[in-house]
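Visitor: The structure's right below; bear with me while I get my questions together.
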Amino acid sequence: MFGHRKASTSSNGQHQRNGSGSGNGHSFEPSSSSSLMVNRSQLKRNGLQPNKRPRTDFLEKLNIYRSWLAEFDDDEKNVFIRELLSHSGTSQIHLLSSLLEPRLHQDCPPNCQDPFASVPAPIALLILGYLDPASLCKCARVCRLWRRYANEPYLWKKLCRTPRSYRLSCAAAEKKHLEQFTDCDGVVLWKEAFSERYRLWRNWYAGRCVVRTFEGHTQGISCVQFDADRIVSGSSDNTIRLWDIRTNCGLGTMTLTGHSATVRCLRLDGNRLASGSNDFTIKVWDLSVNPTWSSIACRQTMIGHTNFVRCLQMDCEKIVSGSYDRVLKVWNIENGQCYGTLTGHNEAVLCLQYDGDKVVSGSADNAIKAWDLRSGQCVMTLHNAHQNAVTCLQFDSDRIVSGSLDR
């Protein structure tokens, strides 16, 4: 802002120039009792051309603003600056940028140096590795060197994998998520991957969500699967419906009919869908579709269970299903043939999961069993694992986590 300099006065009360020479300043005679003297260097430094004489009314208003600013607290000054910026053009923004640069470091001691300029890169990354995501982003705004370090993939990979808050629920979900951020050379863009994960994490904790309603079934919905584009639902109306997750619209060509009883379980994998029903059958559907034609159809119907099909899981080669008939069956997904039956539960099989050659199942007999698909044998039984039916479970290489009606 313009410097405030007190004008000198002669003995007869007339205002005079402050300083010797005719070109070192300007004298003004505003209507207010105070006057403002500004020299050429001040004018140039504050954005006015030295040969341009400021208007008297402008200087009076400037004095008023200066007196107001002197009375404002920090919060009020922040509001004032934001308001000032909202009314500034490009030239004012450039001026502000040039004035700010020297002011940013005015409180630094004379021997102040960038600490990262004198340490090896691995040490700098080790230090930055202790920061949380918000602090790391702030470091990237300090200078070019700090930005280069803060954008190192190593730091963002560490954030993705070390804090459990940012990790996904299972290895399969982790792998699927990272595939979205892998370039054509197989390099994972760790910062972009973490950014998306952090956004989801914040939304979960803040409770931010978009609620959408899909209507179309005529009876209760018994099972749901979804991917990035579609929701698939099975119902007691014996049908399966597919919905466009982006538009909330039911896709008219994607109402799948064929089961003669309630659809109890679904498994979606790309354009392949498997469904199990109270009609004792399992169906495999092809969901391939493009703008001009659809090949949606039931490709296989698997018959073999003697009671309701309650749960199933599939991969590219096989389907494993569990039923109220107390057995698990293993099916060839291409020809629909059953090539294995796992017996041992005393009540309905309500849940299962498999990974490779291992299958774990939970039953209404309160037990959990582990099976080896290569031999078809039960390799472990947790008798009375719960005090009531086991309704859901997940496992990894070390643990089984189960849920039950015993609460």
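Note: Cβ is positioned from N, Cα and C throughout, glycine not excepted.
Below are the features I grabbed from TrEMBL:
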COMPBIAS  8-19  compositional bias 'Polar residues'
DOMAIN    113-159  domain 'F-box'
REGION    1-36  region 'Disordered'
REPEAT    214-247  repeat 'WD'
REPEAT    256-288  repeat 'WD'
REPEAT    302-341  repeat 'WD'
REPEAT    342-381  repeat 'WD'
Visitor: Can you tell me which parts of the same chain pack against the repeat 'WD' (302-341), counting only residues 6+ beyond its ends and a CB-CB cutoff under 8 A?
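Guide: That would be 264-265, 267, 269, 272, 274, 276-278, 280-284, 347-354, 359, 361, 363, 371, 373, 376.
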Visitor: Below 8 angstroms Cβ to Cβ, which residues of this chain, lying six or more residues outside the repeat 'WD' (256-288), approach it?
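Guide: Here the qualifying positions are 222-227, 230, 232-236, 238-242, 294-303, 305-316, 319, 321, 323, 331, 333, 336.
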Visitor: If you run through the domain 'F-box' (113-159) with DSSP, how many residues end up as helix, strand and coil?
Guide: 33 helix, 0 strand, 14 coil
